[in-house]
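See structure below.
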């Protein structure tokens, strides 16, 4: 009661009541999530749902203060709930140890919340939550930290930028011949283990689609021969995979990768004229020559001794971890493929078995090439592209998230700002804020129109969907789902197939693009035909309004492109300058002082140069680097010029 009285004095009775009634979804219960959940229950929020797939690890305890040593290996969501209730027993917290991308967490489920708050540590999940909140038209508070840096912002459909409005930094790529034949650093070995061998064994080789590994120019005969040899190696390993369920599978894989393939590389004498050749390893020789060494650490015993994952394993330990993790992952893959023949195991830095495998294979690779080996803790950081989180950074960002939550619950979106924690930079301020940006007219996510559509996916065909669209004068459509082409005028093979046969089931997003390039996203809701009152479909939303909205957005895009062409024209006339329009100026000119360049006497005075903050980077993920690790970019404003009666800042590029 004393807490509520204090809150009423601080933020007002009406807001306290609104906060108590609000339903909040918190996604992620890690570094930011622990601080955030504690802040929410102490700030009067009483209806909170928290979801996190992860379990508590020893390395979490230095900054995730809702967890203690006895909680290791337990669900983060469940333990966070119990710990947070100690701060406010009157709070109603629902905890879920699940993946936010599971089918049950549909658009309708998201619509049941007044506010969603992200405290995630991976790009894929953040993009998913962003898309779901846009489809449900629920405000999202996005956050992230990286070391001493942090960000927090608000995403609201049609009013602000979404998470995908600004491009993300592309992952670093490595030449395939370096990764596969001549590694020289620990990161080369880790990329090989994670992106090549793990994918090849468990069904998701990233180098097949050039996402991580980049093929070198094969016009050179030597390189072409090496690439052909590497392809032959991959094929031979795939043939070994056929014996996955038989005894000795781990030994066959080991000897193929670390003995046979290494011997082949050693035979290429020219390759080793200026570098030390690799040393082959034999499975049985390693296991039998060091019998007196302690046993390997598997996933269940790894944390039994404090900081054990922070030491480098012995060679024998590494081989045993390789064998045990390979067996466990093979069993998992077999079980998954009993229900889905195309299933694959995905690497996750928080998945003990996948991390064990990548650590073991990366260190075996490093041993072969005489490269420094890394501890499991170090491999986790490098493979997950993370940097250690700072507890104080998480606390500051979580506090700012609650302040934004107050404004959103109080219907004051216009007062919300994007804030950056920029400790250690040239600015004297610890926190720098700017107004929320408008949606990017070129965004391929938030510039879409979303409609929910009910149908029986077991009996409805693609042709039925096409007929429905044509009834709204949406013709010559192309239909896609997650990048898969389901139908277009030149590919009608699927027209007679049912939606469920194409895995278009409940909760799936179907993209429909018509001849005028208008895009509508249909969110499927699978229902029994009997509930549709004799109709094939029921659409929730106004199709005509969605089409009109798309037409307007296309016009906005054309206007934006015209403005860019005008800016390019100015740049062509004077290549030493660039002109920023109103939308782009936000990313370059947070100017301290007047922008009109007038002195106190009213006379024109030169504009002072000032260092500016770039906000073109997306929010940082907690513990994540690679999607916007820097929030500042120094740019100098030299002068203000007039173009067609409007003033623009002119920025000289060094």
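The backbone N, Cα and C atoms fix where each Cβ goes, glycine too.
Residues or ranges marked as active site, glycyl thioester intermediate by TrEMBL: 177.
What TrEMBL lists as Zn(2+) binding site is 162, 165, 443, 446. Long-range Cβ contacts of residue 162 (Zn(2+) binding site) within its own chain (separation 6+, distance under 8 Å): 130, 134, 155, 439, 443, 445, 446.
Residues annotated as domain 'Ubiquitin-activating enzyme SCCH' in TrEMBL: 319-380. Taken together, the residues in the domain 'Ubiquitin-activating enzyme SCCH' (319-380) have a mean pLDDT of 91 on the 0 to 100 scale.
Feature annotation from TrEMBL assigns region 'Disordered' to 548-638.
Packing against the transmembrane segment (386-409) from elsewhere in the chain are residues 11, 15, 18-19, 22, 24, 31-32, 34-36, 38-40, 43, 45, 62-63, 65, 114-115, 117, 119, 121, 139, 141, 143-152, 154, 349, 380, 415-416, 419, 421, 423, 431, 622-625, 629: each is 6 or more residues past its ends and has a CB under 8 Å from a CB in it. For 386-409, the entry in TrEMBL reads transmembrane segment.
Around the Cβ of residue 443 (Zn(2+) binding site), the number of neighbouring Cβ atoms within 10 Å comes to 18. Other Cβ atoms within 10 Å of the Cβ of residue 165 (Zn(2+) binding site), summed over all protein chains shown, number 21.
Across the domain 'Ubiquitin-activating enzyme SCCH' (319-380), DSSP classifies residues as 42 helix, 0 strand, 20 coil. Those same-chain residues not listed among 162, 165, 443, 446 yet with C-beta within 8 angstroms of the centroid of the Zn(2+) site C-beta atoms are 134, 161, 163, 164, 439, 440, 445, 447.
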